[in-house]
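Enquirer: One structure, as structure tokens, below. Some questions next.
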């Protein structure tokens, strides 16, 4: 019953003598709330993306819009599929033996958990790389980062995430029903086999690698924007730099805060044998934290725009009684303005003098 190489029976070993119990009403409430909020927020982000793509068809924004669309669509389907399965499990009183005798549902649930967990992290790192290239190498970005190349990157990221999710199935390792009997994932109880440890560590390492790439690229982008702003010594571009830096900080903070507990928990289980008595509750808390990242993604990437920041700065300046930053000139988008400023800074005459007045006149 506990053999991990028996697909039909491997998932039911945890159903015996489990010490982790969750209240049905609270758990169903959390699942429905997470799924509803996630679907609504991602659907709203998709509508905003479609309108933005129709209004702005510049090459500089095409790659960002395509990557953002892929991220939001992935989060939307993640909430739909995983949320629907979770609600079905709760509605069936978590009686896996009755509706999952062949372990098909648990395998599908586990594959979806891994895919929709890693894919947004991968897409977030790809977006960070794209922004870094767009700010530091605007000429290369405008000539090489075409829509076709971005679509190829999206396809490769999704295929890689699918491969990682299907790896246990290809190796005849069944996904396991977790101790709470509410979700399926890699084997996390009594992990003794090296291959089970490898899957946990692979998931954790890939997640941390994606976060590290995002952090590094966002840091380079932010430093470049600050250098250009201080080098230019002009006030016109400050609002655009301010918007971009705030978005980068929000992206890094949300991803790290939401995903770090779950990735750390997977790494700890993979590195040492056995589990503590409170590991089930810890995993559930970490899983819900990771779910919040998919809920907050559209608000960070799409809805945290210049209009929101402008109103927040107005409110802050009114409450504090001081002028925080000049936000009266919001004509150009942050990405478009950053590309033009970086292109000017890379020109041969930029070391002598950089004049941003024509740039602001173009915005008018």
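Every residue, even glycine, has its Cβ placed from backbone N, Cα and C.
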Enquirer: With TrEMBL as the source, which of 1-25, 26-50 is set down as transmembrane segment?
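Expert: Going through 1-25, 26-50 one by one, TrEMBL flags 26-50 as transmembrane segment.
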Enquirer: Are the transmembrane segment (246-271) and the transmembrane segment (26-50) close enough to be called in contact, which here means at least 3 C-beta pairs under 8 A that are separated by 6 or more residues?
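Expert: Answer no, regions not in contact.
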Enquirer: Going along the chain, which residues at least six beyond the ends of the transmembrane segment (102-129) come within the CB cut-off of under 8 Å?
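Expert: Beyond its ends, the transmembrane segment (102-129) has Cβ neighbours at 7-12, 64, 67-68, 70-71, 74-75, 77-78, 81-82, 85, 96, 153-154, 157-158, 160-162, 164-166, 168-169, 174-177, 183-186, 203, 206-207, 209-211, 213-214, 216-218, 221, 251, 255, 259, 290, 293-294, 297, 301.
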Enquirer: Over the domain 'G-protein coupled receptors family 1 profile' (41-301), what is the model's average pLDDT?
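Expert: A mean pLDDT of 84 is what the predicted model shows over the domain 'G-protein coupled receptors family 1 profile' (41-301).
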